[in-house]
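> Straight out of Swiss-Prot:
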DISULFID  CYS11-CYS52  disulfide bond
ACT_SITE  CYS14  active site
BINDING   CYS14  E64 binding site
DISULFID  CYS45-CYS85  disulfide bond
DISULFID  CYS103-CYS182  disulfide bond
ACT_SITE  HIS146  active site
ACT_SITE  ASN162  active site
Amino acid sequence: AVIPLKNQGKCGSCWAFSTVTTVESINQIRTGNLISLSEQQLVDCSKKNHGCKGGYFDRAYQYIIANGGIDTEANYPYKAFQGPCRAAKKVVRIDGCKGVPQCNENALKNAVASQPSVVAIDASSKQFQHYKSGIFTGPCGTKLNHGVVIVGYGKDYWIVRNSWGRHWGEQGYTRMKRVGGCGL
C-alpha cells in the first residue's frame, strides 16, 4: 500500500519523496497503519544531502535511523524549498536499510515482491519527462539522476511511482520496460 501520490514541485527532492514512500509502505506492512510522512523533514534536516539540489537514498535512510524516526506530513508539511531544520516528532522509525545489487533484475524482483523499492533512473530524456501512457521503452541513458519507487511489476515491465504529481504519466506512475531500462 502507498499513500496517494505527492508532487515534489520545482524542488529537486525526488530522493526524499522516494525514501519516504518506502518508509510509509514498510510501516504499513509492519503495523497496518498507512501514515503520510514528511519529505520536508528530510529536505530540511538530512544535512548529508543537498535539500532541493538533490540527495541520496542511503543518506536519507541513515538520517531517519540516526534521528530515531521521522514525523508526519501533517506535523511537518511539504514547502518545496529548503528551510531550517526544526524539532519534529519521531512517529515512524526504521532500524536499517538494505540495498539491491545494481543491474540484477531477479534481486530487484524479489525485493519488490515483499515491499516497494527505491531506485535511481535516468529521467533526463524529453520522452520520459513528457511520458503519458504505455510501457516506457526509452530512449534513456544510464546517468542516474532521479529517484523513483518500484511498487510492482508485470511480465515485461516495472510499475514505477514518480513524484511529479498525478498529471504526469499514468496518474503519476509509469510502466517501464524491464531488462535494463533507464539504468535499472
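Each residue, glycine too, has its Cβ placed from N, Cα and C.
Just tell me what is around each of these and how deep it sits.
Taking a C-beta cut-off of under 8 Å and a sequence gap of six or more, CYS52 (disulfide bond) has these contacts in its own chain: LYS10, CYS11, GLY12, SER13, VAL43, ALA80, PHE81, GLN82.
Secondary structure at CYS14 (active site), as computed by DSSP, is helix. Summarising the environment of CYS14 (active site), the number of other Cβ atoms within 10 Å of its Cβ, over all protein chains shown, is 25.
Taking a C-beta cut-off of under 8 Å and a sequence gap of six or more, CYS85 (disulfide bond) has these contacts in its own chain: GLN41, ASP44, CYS45, LYS47.
Residue density at CYS182 (disulfide bond): 28 other Cβ atoms are found within 10 A of its Cβ, drawing on all protein chains shown.
Listed in sequence order, CYS14, ALA120, ILE121, ASP122, ALA123, SER124 are the same-chain residues at least 6 apart in sequence whose CB falls under 8 Å from the CB of HIS146 (active site).
For ASN162 (active site), the same-chain residues lying six or more positions away in sequence with a CB closer than 8 A to its CB are VAL148, TRP168, GLY169, GLY172, TYR173, THR174.
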> Please report the DSSP secondary structure of ASN162 (active site), reduced to three states.
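ASN162 (active site) sits in coil per DSSP, no helix or strand.
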> Can you tell which of the disulfide-bonded residues (CYS11, CYS45, CYS103) has the fewest other C-beta atoms within 10 angstroms of its C-beta?
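Fewest other Cβ atoms within 10 Å, among the disulfide-bonded residues CYS11, CYS45, CYS103, is found for CYS103.
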